[in-house]
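Asker: This structure is in structure tokens; I'll ask about it shortly.
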Amino acid sequence: MKQFVMALVMFVSYLILIICVLVGVAFVTLLERKILGYIQIRKGPNKVGFIGLLQPFADAVKLFTKEQTVPVKSNFLPYYASPVFSLFTALIVWLVIPYEVGMMNLNMGVLFFLCCLSLGVYSTMSAGWASNCKYSLLGSLRAVAQTISYEVSLALILLSFIFLVGGFSLELFNLYQESVWFLWVTLPLALIWFASCLAETNRTPFDFAEGESELVSGFNTEYSSGGFALIFMAEYASILFMSALFALLFLGGGPSSPLFYAKLVGVSFAFIWVRGTLPRLRYDKLMGLAWKSFLPVSLNYLIFFMGHKNIMLLFYDLVYN
């Protein structure tokens, strides 16, 4: 009976979490449109509901009630499954955040995050391929190449911190940042992580997966109504998660602290601010940045942390043994 109650509590907790993330996604879209509006000296959405607060829900109703169109020669099953799988991976990755009540704490949270990050590539690839459209396929190929390139830097940065904190659990990051944030200790890594997150979530200036001016909207060209809405929701859920992870890795504090959510909103604001400020990079510059700049810096930091940890352990042995 006790196990059943615990399982029920966990199920309800995750259900509430998913609902909160989806509502958060709705309001992040509103926040983005408002911020971009003020950056461009206009108001943004302000008609539907009080100061435009109901706009995201109106958009959701509009998208999900539109007629679903299917390309005649598309590969039906992967075409339909890709947006669903994309949203699924964007939501399941929230399991790694170390909640203190009613949730499981993953001891291998960092590995789980990297696995979910890698899975996101397949939904993009299958969406582009199954549409049976050359523009979608080109967009998905570019998106996959970009995502894989920046995943290397993300993995190396995480590996550096694994050496630093001595474990794969994200709870350790909260413990080690009680006195000083990792942001001040490893500022270059934080900047590389943020830029890589922009590339991972296909945001400006790395939004080649959805470059309207270049590839007719990229891998989601053939999607409309519900399918497009699911891809859109997955992208914004990833932005929210990457903001939460940045706050956890570099700004200290856990989900039990109200300040953590203020940091999360601050990082999400930075994502939007970058979109309103920077122009899109050229594709070869984007790949050069990943392989010629980010990769050497993150590798050097990894070697530095490994050496630092070994020296500290050697010193500890000499002093106390």
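Cβ atoms are placed via backbone N, Cα and C, with glycine included.
Annotations per TrEMBL:
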- 6-31: transmembrane segment (TRANSMEM)
- 76-97: transmembrane segment (TRANSMEM)
- 109-131: transmembrane segment (TRANSMEM)
- 152-173: transmembrane segment (TRANSMEM)
- 179-199: transmembrane segment (TRANSMEM)
- 228-253: transmembrane segment (TRANSMEM)
- 259-278: transmembrane segment (TRANSMEM)
- 299-319: transmembrane segment (TRANSMEM)
Asker: Take the transmembrane segment (6-31) and find every residue of the same chain, 6 or more past its ends, with a Cβ under 8 Å from one of its Cβ atoms.
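Answerer: Non-local partners: 45, 52-53, 55-57, 59-60, 91, 94-95, 99, 101-104, 232-233, 236-237, 239-240, 268-269, 272.
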Asker: For the transmembrane segment (228-253), give me same-chain residues lying six or more residues beyond its boundaries with a C-beta closer than 8 angstroms to one of its C-beta atoms, as numbers and ranges.
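Answerer: Hits for the transmembrane segment (228-253): 21-22, 24-25, 28-29, 60, 63-64, 83-84, 86-87, 89-91, 93-94, 96-98, 113, 120, 123, 127, 161, 170, 173-174, 177-178, 181-183, 186, 190, 193-194, 197, 200-203, 220, 259-260, 263-268, 271.
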Asker: Quick check for me: are there 3+ Cβ pairs below 8 Å between the transmembrane segment (299-319) and the transmembrane segment (76-97), leaving out pairs under 6 residues apart?
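Answerer: These two stretches do not touch.
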Asker: Counting only pairs 6 or more apart in sequence, are there at least 3 Cβ pairs under 8 Å between the transmembrane segment (179-199) and the transmembrane segment (109-131)?
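Answerer: As far as Cβ distances go (cut-off 8 Å, pairs 6 or more apart), the transmembrane segment (179-199) and the transmembrane segment (109-131) do not touch.
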